[in-house]
Amino acid sequence: MHKHQHLLPIFVSLCAAFALIDEVDGEYLIGVGSYDMTARTFIVAESSQGARFAFVNLDAGMASQLVTIKVLQRLKTRLGDLYTQENLAISGTHTHAGPAGYLQCVVYSVTSLGFINQTFDAIVTAIEQSIIQAHNNLKPGSIFLNTGDVENAGINRIPSAYLFNPPEERARYTTNVDTTMTLLKLLDSASNRSIGAFSWFATHGTSMSRENRLISGDNKGAAARFLEDWFTFSNNFLSIRNTKFSTIQNISTLRNKAQKIKATGGKPCGKTTSQGFKVRKNDGSSFVGAFCQSNVGDVTPNVLGAFCTDTGKPCDFNHSSCNGNDQLCVGRGPGYPNEILSTKIIGERQFEKAVELFSSATNPLSGKIDYRHAFINFTSIEVQLNESTVVKTCPAAVGAGFAAGTTDGPGVFGFQQGDTEINEMWKRLRDLLKEPSQYQIDCQKPKPVLLSTGEMFVPYAWAPAILPIQILRLGNFVILSVPGEFTTMAGRRLREAVKETLINNGNGEFDNETHVVIAGLTNTYSQYIATFEEYKQQRYEAASTLYGPHTLSAYIQEFKKLAKAMATGEQLGGTGLSPPDLSSVQLSLLQDPLGDSPPPGKRFGDMQQDVAQPKGGSFKKGDKPSATFFSANPRYDLLIEGTFAVVEMLQGERWVPVYDDDDFCLFFKWNVTVDNGSLYGLATVEWEVPEDATSGVYRLRHFGSSKKTKDYPNEYFTGASSAFTVS
């Protein structure tokens, strides 16, 4: 059975859905785009010169203010003032398995040894190109909204903190996490063909553990790949791979043929050669499926719960530790102990709900496009809690619970979530960096200040101060762009406050059918936002709520101002604030790549270890054939829109790419080995044969680039393994 055969009933409903919307005229201009890294964009406009906004879903840990600044500069050069800080939202999926080094504040670049220009440029380029592609694709279309609950794709990782919220508030909800997925289905009116789907659902990108060293979009990246491939499968009635397959030959004949095909050896190739070996060519016409992040702060995909690695028992409820040791408490995903399987399962649960919502989406959006945006200095906001009480936010700081980490990634030994005291040794170490002011200590209470990042400016700012907040409107669908991770209850309060403000000030333009979603980690990053009550316990999320106990109240107050302006049609004047561009002062301690040449007598692309033929003569579904090539460091060229690894299938006398490094089943791993005192790079290509793979003759291919030297002039290279059969 094909792996998606169980979705055929949904495909029938998909056809029915198309029939239902046959007579709907295009309400908007819509366009979608996707580009390597991966950045996925949709743009919606009222007309060619009318109001519009662009929303980018980025397979990265979070957005970056510096990335946003540079993207806007590039767009202005190419498109003038069509896309500005007002109407562009760049939202990270929050994968913890993405590249670092592209944020400009010190605290976010310590683990990457500072700023990494290569990563930064790749991300900026991907966003720019996806927006340009979506802009060039603008055409009349319709957008449909649908919602539904995703089962068992996230649980609350700090349920003890959630219980600090008022009982009467908690009683309004059946769960301590938001289970709703909100999906937009984008339809091209002329062809009556869907061009994309963007959904919002809250679960952390931590199915891959902190021990993982592979670049991955985590569960949301997996869900996006599954949805985009499923759409192609549904509309062609065949798998994208099966469309390329010829009649299956007798397996013994295939085996004999495979035995005669040996490794090619390393060969030079062109800079863009690997792009031609991509399975999915990016010509701008492909369906774009994006899984966007929401109020994810306290939601983990490790749904089996957190257990002690030494005893196997559940962790301490209030501290997520094991006999006081935070490092022993680790969350378990549904595929435990296989984290890649867990990533796949959580991705599939989001994907399958998206298919269901996509197939049954018949509620068209209509109405105006609008947006509001403001820069706010979050370090000193006066918040009017009631008629007689005014409080203030604080300069940024993290508490002791921050150092304890979470069940998705335990932190430093000696700390626990919920710590409200710091021992003298850590205080002395803290003070060597920066002793917090008394004002800061008092303002942040009950958080014990471990690092007063808002008061630290050497060699440059350690934390952001000026943050963007933004509202995007598409008829009665509203997106709240927030520059951080709201906890479940914090997100609920913000959504409700904005919706109430829109309804009360909109003269009937907004009603209870108005749907509000939070787009988390958007436009910049400022860590977490817990409720005032959750802040008291000082779990990791509260300890990482930078601007003090009233941070959420400040967000609600400032978003209500934007919402009121949107509802009344008021155009807000600028605050006179803008975040700094710190690109000129960034430091980088990352060393240059190693492994500049292959061993004597070898070329890059030659085999170090060929595919080991299985005892039975053929690989079965679920087996993992692999090959290792002599290879230069992948950092020499990221092969944008290309691929480092390919699985090829023999079609007659021709090799056809059928899987590449964008596939969940294909792994590319690079490391160095020492031989006679010299360092040599090795690239391993490993393929987990999928259940829907067709029997046939295959081989593994690798692409890479090297540093040009006098002794080794070749820059781009490729090589293929010996052939093998899959039965």
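Note: Cβ is positioned from N, Cα and C throughout, glycine not excepted.
Annotated in TrEMBL:
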BINDING   HIS94, HIS204, GLU485, TYR528  Zn(2+) binding site
DOMAIN    38-557  domain 'Neutral/alkaline non-lysosomal ceramidase N-terminal'
DOMAIN    559-726  domain 'Neutral/alkaline non-lysosomal ceramidase C-terminal'
REGION    590-622  region 'Disordered'
SIGNAL    1-26  signal peptide
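Highlighted in sequence order, GLN293, VAL296, GLY297, VAL299, GLY484, GLY520, LEU521 have their Cβ within 8 Å of the centre of the Cβ atoms of HIS94, HIS204, GLU485, TYR528, the residues recorded for Zn(2+), and are not part of that set. When DSSP labels each residue, the region 'Disordered' (590-622) comes out as 0 helix, 4 strand, 29 coil, counted as helix, strand and coil in that order. Sequence-distant neighbours of HIS94 (Zn(2+) binding site) (same chain, 6+ apart, CB under 8 A from its CB) are GLY61, MET62, HIS204, GLY205, LYS220, GLN293, VAL296, GLU485, GLY520, LEU521.
The Cβ neighbour count for TYR528 (Zn(2+) binding site), using a 10 Å radius and every protein chain shown, is 25. Neighbours of GLU485 (Zn(2+) binding site), defined as other CB atoms within 10 A of its CB across all chains, total 29.
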